[in-house]
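According to TrEMBL, the domain 'TRPM SLOG' annotation covers 65-289. Sequence annotations record features per position, and here TrEMBL assigns domain 'TRPM-like' to 403-636. TrEMBL lists 759-971 with the feature domain 'Ion transport'. According to TrEMBL, the feature transmembrane segment maps to 657-674, 720-746, 788-809, 853-876, 935-957.
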Amino acid sequence: RTRTCTDGTLCQCGRLQELHKSNATDDSFQTAALTRWDSRQHSSEYPTDAFGELEFSGSGRRHFPFLRLSCDTPPEVIYNLMTKVWGLPSPNLVVSLVGGEAHEMIKPWVRDILRKGLVRASQSTGAWILTGGLRDGVSRCVGEAVRDHGAAAKALSQKKVIGIGVAPWGLVHNRKQLVNPKGSFPAHYYVQNSLEDSKCLDSNCQAFLLVDDGRVDHRGGETAFLANLEDYISHQRSGNIEIPVLCMLISGDASTLERLDRSLKTNTPWLVLDGSGPAADFISDLVNTLPVAGHSPASLTAAAEASEGLSSEFRDRVCEHVRKHFPDEAALKNLVDYALSIYRNKDLITVFQGEQESPDDFDTVLLKALVKGSKHVSSKASEYVDELNLAVAWNRVDIAKAELFNGSIQWTYKDLEDSMTDALINNKPQFVRLFCENGLNILDYLTYGRLENLYRSLSDSSLAYALLKKRLNERLELDLSLYEVRRTRSTFFQTSCSTHYILFDSLGNKIISGCEYRDMQCPLPWAALFIWAILQNRREMAIYFWEMALESVLSALGGCKILRELSKLEHETESKQAMKKLAQKFENLANDVFAECYQSSESRSFTLLIKKSPVWGGATCLQMAIVADARHFFSHDGVQTLLSQIWWGDMQRSTKVWKLVLTFFLPPLIYTGLISFRSGLWLCSAVTSTRFHSFTLFLPDSMPPSYNCQFIVLRWKQFWYAPVTSFLGNVLMYFLFLCLFAYVLLVDFQPPYPDGPSCLELVLYFWVFTLVCEEIRQSFSVNIWNKCDLTAIALFLLAVCCRMFPLSYQFGRSIMAVDYMVFTLRLIHIFAVHKQLGPKIIIVGKMVKDVFFFLFFLAVWLTAYGVANQALLFAYDPRPNWIFRRVFYRPFLHIFGQIPIDELDADKLRQMECTYNSTEIKAGAEPCLSIYANWLVVVLLVIFLLFTNIVLVNLLIAMFSYTFSKVQENSDIYWKFQRYNLIVEYHYRPCVAPPFIIFSHIQIFIKRKIRRVASVKSQHFGETLLKTWETIQKENLLSAQSKQQRENIILTYIFIPQPKSLKLDFYGPQLA
């Protein structure tokens, strides 16, 4: 086992010969002429005596696992130890650094590559970096980079960068501090600042493997173990991918060629940093420069194997390069053999021109090197799945397009299925687009089961997960299903909508009953994924799915609605703002697509607005826009044109109001030319072949009687069925109702039964009854004006009940007086139709909200001043009614200048009978004012008036001014938005106003409930689908936007001044 060197004292293992045991020197090794140390023959194995946890002095109480192991230890044992015992997370990538050892100077650009490229790429992927583990060369530089990135990154990211030091045991300084046969927990390790500092362990590594081959003060004992470990890890899986392993050569010496050749034979890819040192420069020349001088690489390789003459020539050239890069090496033949073997596997080698390429692109180079290694193994698509998954994990779609989807690989659905799921869950929209363009059929991919799994993958911290979890807890189930998704979505629209999730009557029952439905294909996958992305507030993903889905305008408005509802529930400010911005984005998309449709065809665009969608629960674009608060969408000219046509019915929009009022009171004027009616097939359904322009009261004699009757009925319906006519009639009759109400209340309000009520009061009762019938027909809608109607009706019924009895007569009359105010305030609703007065309604409503905030501050000051004032003026006054008046009522009057000086100022007190006796005060006597500290009362009054009359009142004025200016700036948008509800209300409202509306109610009841006749007016808001035409217009819009974006980029580049030192040659190749 030992051998005497020239000095007769040292063994080849590095120790003194006298330190060896006798059984190692008294055998055949004593006289053997050894040429090279062999650990398996010349050493013996014993149980390890150095393991446990390591604590570096001066680095806090952080402990790092370490192990002394034999160089031929099975790699599977070590890998299981690191992942299962030490708790290191399984890597997504392993980068093994080779070279750059001892005191070799590291070039500045190499440091930048390691710090900005390698460590950052490792941090984004969860990689293991295998280094030398000592405080020298590349290992020290990488350790410092890992430390700096860990300090600057978030706590979650720190666990992703794992630096593992694999060092030769015999080279570690102060290794005796680690020896303990029972294990060290921890072992205290001291790092000395001396010449031996480079041989100390690096405290920036997270774990240490100390490989012992029996030698001391020698490097290279860990080479064979590292190669075996790398090969073993490359066959393990992390998640759904095999762990990729990449060796990275930095500088290096002649001995590195053996290490490189050993790994290449196991198909391990290598990345070589050209210009970093001798070995790296030699490999770069061998791969790039050598084939150029003569033949192509393929021909040279084949010739080197087939022809001895050409092989000799090529070998001589390789030999020259070896002498050039390693002039001091004696074993030239071995180096040439290694070089030729390396050349045969050069497809596994990627050369990185470090001085020419940026460190920011290093992660791209890493992935290209791994893909290059896979291509060396096989050209089948299945062999590239791991590299594809790694590209998805790094989110490098540019590399995937250039290397994996360049047409040379035929991808199938099965190859892309798992990667598609990974891209969806981890929010990689560009990869989703790439997969769908390269062989993945979304109809085959998205089943109900996979859709459920996508919802189950939601982050626990997301708002959508919390909403789904709440619905799941209500059903007392363990696993999330689409039933919870359905119920969650229904909360946003106050209805169970979406047939593409649950097919609601059939599939919904299957979910509840536990039937197998998960293998069924989702009929509308893009819409389903669009909702899934919207619930997670994923901007790019949602936009892409919207681009692919049908019903673009309605889908965009639906996404806008969901996002605005989610923003109301979100508590985090950043997420709330992101939801609002994305909601505005979808509103703009809906507006742009509809604008494109409106320019293409006005009639089709109108149908698009009023068609019902089964996907969105039978909603129309107008209905979705109103619940989504899409004001900008409503302000579009096309939407307003449709609303105006619905408002005016079959009459011309240019009809003057005075003509309308005059015709309302003189109906025969309908058949004159006073009012013009529009012509068109969808308007004149009774007469399909004739267009009407203007008619006089006397029809031509040539027309048949049946035609005359048809025309008379048609004109009558066209005028009275128009919403504007219905609105005018309701306004006029409502004024008459208020006049009747006021007359009864002021003049004809008779005593209780049997003396009353009067005939006019009974007419008033009947009139209110017709209003109740109309509210029932509207099914008690929940908008603010219907709430006002319900309040007024409820107060009226209460007043009627009370006024019938003598005891509650006055109370009933008082309630009816208040109720008259509520009915009168209902008149504000008619201002919505006016372009100037309509926005003022919104201003008043928002100012009411401002008043509540003002009253809150005012109440604080009223309470503070009122209690202090009462306590200073009256020493004792237990009367509750007077306490309330003096604490709240009087201070409130002080604001308006009603200040009783004779009660506040001691010099002006008036003479009055009072007492200080508490017993008399309890009996009802007036308490006397306290004059003690009367000056403080005056001071508090001044402060109170100063703050309330100046500060708070001006604050209220400022709030009013801000509200007015904010609404006034967008008054046109607000008016166009709010008139929709008014138009829809009178579109469906019977043409006859109360109280005669009772006849229309009877007719409607007979037609709908008895004869089962559908409403004709409802057909205006539900037409056939125009999906293909709408999709074409959307594609035109997206194409135009993409073209405009490219032009803007070109113009921006052209007009940006370039530095004088930068020379751009755009036309050189063409001119040459």
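Each residue, glycine too, has its Cβ placed from N, Cα and C.
Using a Cβ-Cβ cut-off under 8 Å and counting only residues 6 or more beyond its ends in the same chain, the transmembrane segment (853-876) has close neighbours at 883, 886-888, 890-892, 903-904, 916, 918, 921, 927, 929-930, 933-934, 936-937, 940-941, 944, 947-948, 952, 955-956, 959. Residues 749, 751-753, 756-757, 765, 768, 771-772, 775, 780, 815-816, 818-819, 822-823, 825-826, 829 of the same chain lie 6 or more positions beyond the ends of the transmembrane segment (788-809) yet place their CB under 8 Å from a CB of it. Long-range contacts of the transmembrane segment (720-746) within the same chain: residues 646-651, 660-661, 664, 758, 760-761, 763-764, 767, 813, 816-817, 820, 823-824, 826-827, 830, 833, 982-983, 986-987, 989-995, each at least 6 residues beyond the stretch ends and with a Cβ under 8 Å from a Cβ of the stretch. For the domain 'TRPM-like' (403-636), the model's average pLDDT works out to 84.
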